[in-house]
Structure formats: C-alpha cells, structure tokens
Amino acid sequence: MDGDNQSENSQFLLLGISESPEQQQILFWMFLSMYLVTVLGNVLIILAISSDSRLHTPMYFFLANLSFTDLFFVTNTIPKMLVNLQSQNKAISYAGCLTQLYFLVSLVTLDNLILAVMAYDRYVAICCPLHYVTAMSPGLCVLLLSLCWGLSVFYGLLLTLLLTRVTFCGPREIHYLFCDMYILLRLACSNTHIIHTVLVATGCFIFLTPLGFMTTSYVRIVRTILQIPSASKKYKAFSTCASHLGVVSLFYGTLAMVYLQPLHTYSMKDSVATVMYAVVTPMMNPFIHSLRNKDMHGALGRVLRRLFQRPK
C-alpha cells in the first residue's frame, strides 16, 4: 500500500531525447512544424470526406475515423513535448503520465483495428463486389467501428490499471518523449514479471491477429486481381489498395522497430523509431491516402476553394 501511495503522489521528469539547449530548439521547431502539418492534413481529410456526398462510402467512412484517431493521437503527446522543450520544468504528474499512457495505448490500438477493418472493406469490394452493399451496410460499418472503439478503450484501461500496481522508486527520470509502457516498467522497483507477461500476450493478440487477417485478405485480393483480364481494371484495383498497404507498412514497420525487442534492451537508440510511429506516421497518412486518389483530390480542392473563397 505504501508503494501505491508513493506512486500516486510522485512526479516523473520527461527529459526528452536531448538535454542540449541548441538541440532542444531544433527539436521544438521540428515537432511544432510536424504537428501543424499533421493537424492540417487530417482535418482537411475529415472535412473533405464529410462535405462530399460522393465520399460517403465505407472506405472513406473508416478513413475519416483513422484521420480523427491520428489527430487525437498527436494531440495527446506532441503539445506536452513542445512545452517540455521550451520549459525548465519538465515534470509530469503520476496521474498525468497514466492519462497520457492510457490514450497512447488506446489510440494506437484503435489505429491498428481500423486498418484491419479497412482491409476487410477492400477484400469485400474486390473479391465479393456483388455482395458489397449488403456486406458493408451502414449499420455494419457503425457496428465494426464501435467494436474497434470498445476493444481499444478496454485494452488501454487494462494496461493502465495494471501499471497502477507497480511501485516506482529512485530517480523518476524518463529520457523519452512521452510516458510509454516499456520506459515506465524500466523505472519500477517492484516485480513486473506478471505485467510484462500480460503486456506481451495481449499485445501479440491485439496486434498480430489483425496483421494476420490483413495479410490473408491481401493474399486473396492479389489472387483475384491477377485473374482480371483487363489491364486498366487491374491497375484500378491495385491503386485502391496501394495507399492502405503503404499506411499499414509504415504503421507496423515503426511499431516493430520500437517494441519487438526484449524489455532490458530498450534504450535511447529507439527514440528515432518512436518519433517515426508517434509523429511521422500520423503526419504521412493523409498524404499517402490522397496522393493518387482522384476523388480525394477533387474533394480537397473543393474544400480549399470554399475556405479561401472571398465572400461576395
């Protein structure tokens, strides 16, 4: 009980990835620029989809929710990082750290599950086009998204509650960008074997199951596309999946760089990979999804024209 009280009343120091004032200034402007680009890109995606009735389809419904998740994700971490880079007070309360961790886990999980649902949408559209309207009905889309949210909220709550049973002692200095589960476990002075086992087991289920589902879906999609006789139709089918594959590759690639390693080897060198998945991935997603998408180009153009159109 004393350990719990000690943890509840303590603070952590988010020291970031550099203590050099010159480097901190560079990092501040870099992260601020990336944050603004991320917010602008994802807000434009949401506005374009919501304002264009031609984009009111399951694929764009899930894309808008993915953009919302990415927007929430960077807002959970980057503003605090920017404050720490400009301030001498780098403290974050125990409750604040747990709150940041909860949203971090929940939103990464939600991103992962939405990507899996988007793969299912592409599978039905290409492999079972005659059943697409019934298989991806509005009611089912809302149900799938609700399940994604429910599971993400539960998983974030589970890991956060488990961490409340951990006792922290000694210097509570986090040489990292934000409160991360692996980093916090390294600061613990109580036995973390059970929570580490739960973390690995649930993490494998939550992330590898959707990855396996997406891999299976795309194997079947590729087989179906290769059977299409028309070269132009093949290209169109591949192009509808290319952006999703790009986002999935970036998402899982950066997560693997950070988390597919033993806890005791987790060190400062992983900060670059963390920046990739925590900042770069949400920033790049809008560009990847709209790069070769003519429908998105048109919708974004109409949104921008309305925003900058002078009132008569």
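Numbers run from 1 along the shown chain.
Including glycine, each Cβ sits where the backbone N, Cα and C put it.
Judged by Swiss-Prot topology annotation, S10 lies on the same membrane side as L82. Note: C189 (disulfide bond) has non-local neighbours T167, F168, C169, G170, i.e. same-chain residues 6+ apart with C-beta under 8 A of its own C-beta. Residue counts for the topological domain 'Cytoplasmic' (221-237) by DSSP state, with H, G and I taken as helix and E and B as strand, are 13 helix, 0 strand, 4 coil. If you look at the transmembrane segment (238-260), the same-chain residues 6 or more away from its ends with a CB under 8 A from one of its CBs are 59, 66, 108, 111-112, 115, 118-119, 122, 125-126, 182, 203, 207, 211, 214, 218, 221, 225, 270, 273-274, 276-277, 280-281, 284-285, 288-293. Same-chain neighbours of the transmembrane segment (58-79): 31, 34-35, 38-39, 41-43, 45-46, 49-50, 100, 103-104, 107-108, 110-111, 114-115, 117-118, 121-122, 125, 136, 141, 145, 177-178, 240, 247, 278-279, 281-283, 285-286, 289, counting only residues six or more beyond its ends whose CB sits under 8 Å from a CB of the stretch.
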